[in-house]
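Colleague: Let me begin by handing over the structure; questions about it come next.
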Amino acid sequence: MEQLAAKTEIAVAEKKYSLMTFVFFCSGLFIVSALFSTIPLSPVFMGEFQLTAETAALATSICSFCYALGTVFFAPLSDRYGRKRVILFGLFALTVISPLIGFLKSYEAILLLRGIQGFVAASFAPTALTFITELYPPNKRVTAIGFISAGFLMAGIIGQVYSSVINDFLGWKYVFYMLGLVYLVIAIGFNAVIPRGTLPASGEKRSVLGAFTIVLSQHFFLFCYFITILLLLSFVGTYTTLENYLRDIYTLEAPQILLVRSAGIIGMLLAPFGGRLASRFGTFPLMRAGLAAAAIGLFCIGISGNIVVMTVMSVVFTAGISVTVPSLVSLLGQFGGREKASAMSLYSFFLFIGSTLGPVLAVFFMKTGSYVLAFEVIAALLAIGFFVTFPLAKQAAERSEGSF
């Protein structure tokens with residue numbers, strides 16, 4: 001009888017953690033999707049507001065930059081007021097802010113609210129990553145982080161697909177109206193499913209600036225963050241370039257571009273298994289394989305001249321990015337030491353600094369008329385990231401021998 005009760009308790013616990021993981025995954029997917037939702041809207045904004053390509057790209061860049069700033073603002077707030085409370089604040093704020101963007105008649109006002117939207121959206125990622133390490137037992141933690149990382153990555157494509165579909169059928173304003181409704185539903189679900197957690201003891205609260213300074217003074221973290229910047233820089237830069245490349249050079253229509261863009265989701269399916277793959281093959285071999293695959297995929301996109309090859313290589317590219325992200329998160333969690341929460345916050349910060357730079361870099365090369373050059377330069381940056389993993393591995397070995 002006792003064995004049956006114990007098995008029942010384990011089964012209930014399994015269902016509870018599975019449901020929590022699903023809620024975290026959906027929250028990350030839809031919150032981060034807002035950042036990428038304006039990539040397909042750039043041509044729409046250019047036509048409606050009479051903008052240049054550089055100005056239209058600001059709707060994505062400003063949102064990403066403000067998101068990056070928000071990651072270092074909300075993490076210490078969650079230490080003081082609680083993880084769940086901060087995440088719910090962000091969700092309810094997004095419920096109000098997102099629909100307002102659709103009512104605006106001025107592009108300058110849209111940029112202002114996109115900045116606020118990005119800043120508030122940052123309440124989720126670093127807080128959730130730290131929250132998971134507190135809520136989940138060690139044997140479930142890696143899988144949960146893998147799923148939430150998958151949500152963040154899939155948002156890069158899902159956000160674009162969602163935006164393209166809604167814009168084609170209803171118009172760009174409804175992209176933001178419907179996001180507000182989605183955030184309300186997620187907020188209600190998050191509040192119902194996710195437990196409150198515990199506040200850190202007062203003695204555990206440390207100077208935020210001091211913790212960030214400690215992290216940024218160490219070569220291990222600097223190497224990690226260099227690679228971190230490259231991930232979303234390459235991702236956003238690639239899809240910003242690809243959108244224009246397929247439209248201008250291959251004269252594809254919106255539904256055809258949508259199909260090419262959507263293919264990348266297949267590569268994202270590896271992200272939840274990043275933890276298991278790292279356990280089997282090793283964190284650094286997996287990270288190198290991911291960066292190499294992303295660089296090769298992107299290089300082939302640039303030189304192929306064939307839409308089928310480009311579509312297949314986009315899957316290779318996204319698969320490479322997908323396995324690199326959980327590898328980095330795992331490294332920061334393993335070697336973060338007392339500064340783990342600060343290291344995670346800075347990880348989110350630098351990740352979206354890369355997202356900010358991606359469209360800027362893409363537009364710079366598109367202005368020269370060389371789309372191929374844009375793909376190859378980004379591929380070269382990923383190749384540099386591959387070589388950075390070697391001194392990073394040396395730093396990790398030194399930290400494992402010492403007391404970090």
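Backbone N, Cα and C define each Cβ position, glycine as well.
Those TrEMBL annotations? Automatic predictions, nothing curated.
This is the feature table in TrEMBL:
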- 16-397: domain 'Major facilitator superfamily (MFS) profile' (DOMAIN)
- 17-36: transmembrane segment (TRANSMEM)
- 56-74: transmembrane segment (TRANSMEM)
- 86-104: transmembrane segment (TRANSMEM)
- 110-132: transmembrane segment (TRANSMEM)
- 144-162: transmembrane segment (TRANSMEM)
- 174-195: transmembrane segment (TRANSMEM)
- 207-236: transmembrane segment (TRANSMEM)
- 256-274: transmembrane segment (TRANSMEM)
- 286-309: transmembrane segment (TRANSMEM)
- 315-333: transmembrane segment (TRANSMEM)
- 345-365: transmembrane segment (TRANSMEM)
- 371-393: transmembrane segment (TRANSMEM)
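Give me the lay of the land around each of these features.
Modeller: A Cβ distance under 8 Å defines the sequence-distant neighbours of the transmembrane segment (17-36), meaning residues of its chain 6+ beyond its ends; these are 60, 63-64, 67, 87, 90-91, 94, 98, 117-118, 121, 124-125, 128, 132, 135-136, 140, 143-144, 147-148, 150-152, 154-160, 162-163, 179, 182-183, 186, 189-190, 193-194, 236, 239, 352, 355.
Beyond the ends of the transmembrane segment (110-132), by six or more residues, the same chain brings 24, 27-28, 31-32, 34-35, 38, 45, 58-59, 62-71, 73-75, 77-78, 83-84, 86-87, 89-91, 93-94, 97-98, 100-101, 104, 141, 144-145, 148, 152, 194, 197, 329, 340-341, 344-345, 347-348, 352 to within a C-beta distance below 8 angstroms of the stretch.
Long-range contacts of the transmembrane segment (174-195) within the same chain, counting only residues at least 6 positions beyond its ends with a Cβ under 8 Å from a Cβ of the stretch, are 19-20, 23-24, 26-27, 30-31, 33-34, 37, 41, 84, 87-88, 91-92, 94-102, 131, 135, 162-163, 166-167.
The list of residues near the transmembrane segment (207-236) in space but at least 6 beyond its ends in sequence, with Cβ under 8 angstroms from a Cβ of it, reads 36, 39, 60, 64, 72, 75-76, 153, 156, 287, 291, 294, 298, 318, 321, 324-325, 328, 331-332, 335, 339, 341-343, 345-347, 350-355, 357-359, 361-362, 378, 381-382, 384-385, 388-389, 391-392, 395-396, 399.
Beyond the ends of the transmembrane segment (256-274), by six or more residues, the same chain brings 143, 146-147, 149-150, 153-154, 157-158, 160-161, 164-165, 239, 242-243, 246-247, 286, 307, 310-312, 314-323, 325-327, 330 to within a C-beta distance below 8 angstroms of the stretch.
Listed as Cβ neighbours of the transmembrane segment (315-333) (distance under 8 Å, sequence separation of 6 or more from its ends, same chain) are residues 129, 133, 142, 145-146, 149-150, 152-153, 157, 221, 224, 227-228, 231, 234-235, 238, 263-271, 274-275, 277-278, 283-284, 286-287, 289-298, 300-301, 340, 343-344, 347, 382, 392, 396.
Below 8 angstroms of C-beta separation, residues 219-220, 223-224, 226-227, 230, 233-234, 237-238, 241, 244-245, 248-249, 284, 287-288, 291-292, 294-296, 298-299, 301-303, 320, 331, 361-362, 365 of the same chain, each at least six residues beyond the ends of the transmembrane segment (371-393), sit close to that stretch.
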Colleague: Which sequence-distant residues neighbour the transmembrane segment (86-104)? Criterion: at least 6 residues beyond either end, Cβ under 8 Å.
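Modeller: Tertiary neighbours of the transmembrane segment (86-104) are 27, 31, 34, 74, 77-78, 110, 113-114, 116-117, 120-124, 127-128, 131, 172-177, 179-181, 183-184, 186-187, 190-191, 194.
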Colleague: Using a Cβ cut-off under 8 Å, which residues of the same chain at least 6 positions beyond either end of the transmembrane segment (345-365) come close to it?
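Modeller: 35, 39, 53-54, 57, 60-61, 64-65, 67-69, 71-72, 75, 122, 125-126, 129, 212, 215-216, 221, 224-225, 228-238, 240-241, 328-329, 332, 371, 373-374, 377-378.
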Colleague: The transmembrane segment (144-162): which same-chain residues, six or more beyond its ends, come within Cβ distance under 8 Å?
Modeller: 17, 20-21, 24-37, 39-40, 125, 128-129, 132, 136, 175, 232, 235-236, 239, 258, 261-262, 264-265, 268-269, 271-276, 318, 321-322, 325-326, 329-330, 333
Colleague: When you scan the chain for residues with a C-beta under 8 Å from the transmembrane segment (56-74), skipping those not six or more beyond its ends, what do you find?
Modeller: 34-36, 38-39, 41-43, 45-46, 49, 86, 90, 110-111, 114-123, 125-127, 208, 212, 232, 236, 240, 345-346, 348-353, 355-356, 358-360, 362-363
